[in-house]
């Protein structure tokens, strides 16, 4: 929300500038070049390991439990993108055969994997583990692996899966009790899962943790899969570091740190977000476009949130709506800098996509950006007027200011297979997108409430909720948490087949929700204060390679 201007514009303008910390990274990521000999060596060995892994997947006569565990391991190791068709075919066969199993571990794993791949397997698979009163049998308390898989499965639940509400409560209680007494690496796996469930985690973060902290220490590990995963992670990391260097140079050339010192300098954290949306090599162009967009809208956000005056922000909003470089003279000098940079960026996007005949799709992202800025301006007006809207009015405006409609649309720009129809579907705010946006809004609002309150912002989500319902801060936060849980069920339903667009275009929407869960974990604002949350993830993904 925007900061207030003074009533009399003839007087010196007082700007209640937020005291954002500088970047943690300096010029650390400014230069990186892939060592071609190393990359070629890795790629050659990966091809051989890929063939061995494919043979494992396609081997006949495997038990159901072994097949499911192999798929789960491949996915957790971050190498499943090499075998999407093979894995989908195997799971399709398992689903259509209505394969059944009697142990909790296999049943729960089967349920989660099928649901995550869009197969609407019935939760009745768990009824055999309940007693005559409909409660999970206490005899399961000693089956830690079974409980762990049940816990992970409970997070893919939809609105109709009441049994999984019980599963979550039951597995959580018993895992918390068992964790201190477990041997390594199972202890670390259980502790980590209770902190961050797999389904809501950022895929690359979860992969790095699983490779280094779990699978590498397992006695029963498959060394082919482990080496494949390590080589593949390091090879991809080279590409990611090269992209980050490219983006860092672009950011340094813009020199916003000097010219717009009121704004957060978070280009590395923005790259982490883009990497969270998609990490695979085929999305390199998409990642670079997305990180530039996130970095730029962050500057605009801080302009509204922590610097601009009412008149300035109205002029800026109007200029963005007109989207015309000739409007620049109507803006104060500091706003001209970001305005020109934004228009230049979208010209670059159009030029970049023109070679593939796709420059026309850029207009979808531009329209979403205009929407964000209009809604930023509404929030700034509320702040000036001291207006606390009803929750419904607040959310109708604040969902767009999450930027998630905008970022989801932008995430499609560099995806070469995205068609006009995919953008049209997204423009109608389908339920799965709406759910991802709601998750971002309520989690962000909960994490940033105290800071915003201290800055005098009264039209916050939590404040609106408290006033609307006559409830306490704690109760309002619980209400927002319930909204997030409901939205996760909507996302999980939206992933089930048949889907209106391919899974490729649903995954970025899912991953945007995952990113906000990770960034704001424990009600911490990991974007504004990355040292609290994101720094160790960035080091693991973009600084330290995995020892081979």
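Glycine is treated like the rest: Cβ placed from N, Cα and C.
Matching 301-305, 306-310, 311-315 against Swiss-Prot, the residues noted as motif 'DDXXD motif' span 301-305. Residues 301, 305, 441, 444 are recorded by Swiss-Prot as (2E,6E)-farnesyl diphosphate binders, and the candidate that the same record lists for that site, out of 249, 264, 330, 467, is 264.
Under a cutoff of 8 A between CB atoms, and with a sequence separation of 6+ in the same chain, the neighbours of residue 444 ((2E,6E)-farnesyl diphosphate binding site) are 402, 516, 520. The C-beta environment of residue 448 (Mg(2+) 3 binding site), restricted to residues of the same chain at least 6 apart in sequence and closer than 8 Å, consists of 460, 525, 528. Rounded to a whole number, the C-alpha distance linking residue 301 ((2E,6E)-farnesyl diphosphate binding site) with residue 452 (Mg(2+) 3 binding site) is 14 angstrom. Using a 10 Å radius centred on the Cβ of residue 264 ((2E,6E)-farnesyl diphosphate binding site) and all shown protein chains, the other Cβ atoms total 24. Cβ proximity to the Mg(2+) 3 site centre (mean Cβ of 444, 445, 448, 452, cutoff 8 Å) flags the following additional same-chain residues: 446, 447, 449, 451, 460, 461, 462, 525. Neighbour count (other Cβ atoms within 10 Å of the Cβ, all protein chains): 19 for residue 301 ((2E,6E)-farnesyl diphosphate binding site). Between the CA atoms of residue 445 (Mg(2+) 3 binding site) and residue 264 ((2E,6E)-farnesyl diphosphate binding site) there is a gap of 18 Å.
Look at the binding-site residues 445, 452 and count other Cβ atoms within 10 Å of each Cβ; 452 has the fewest.
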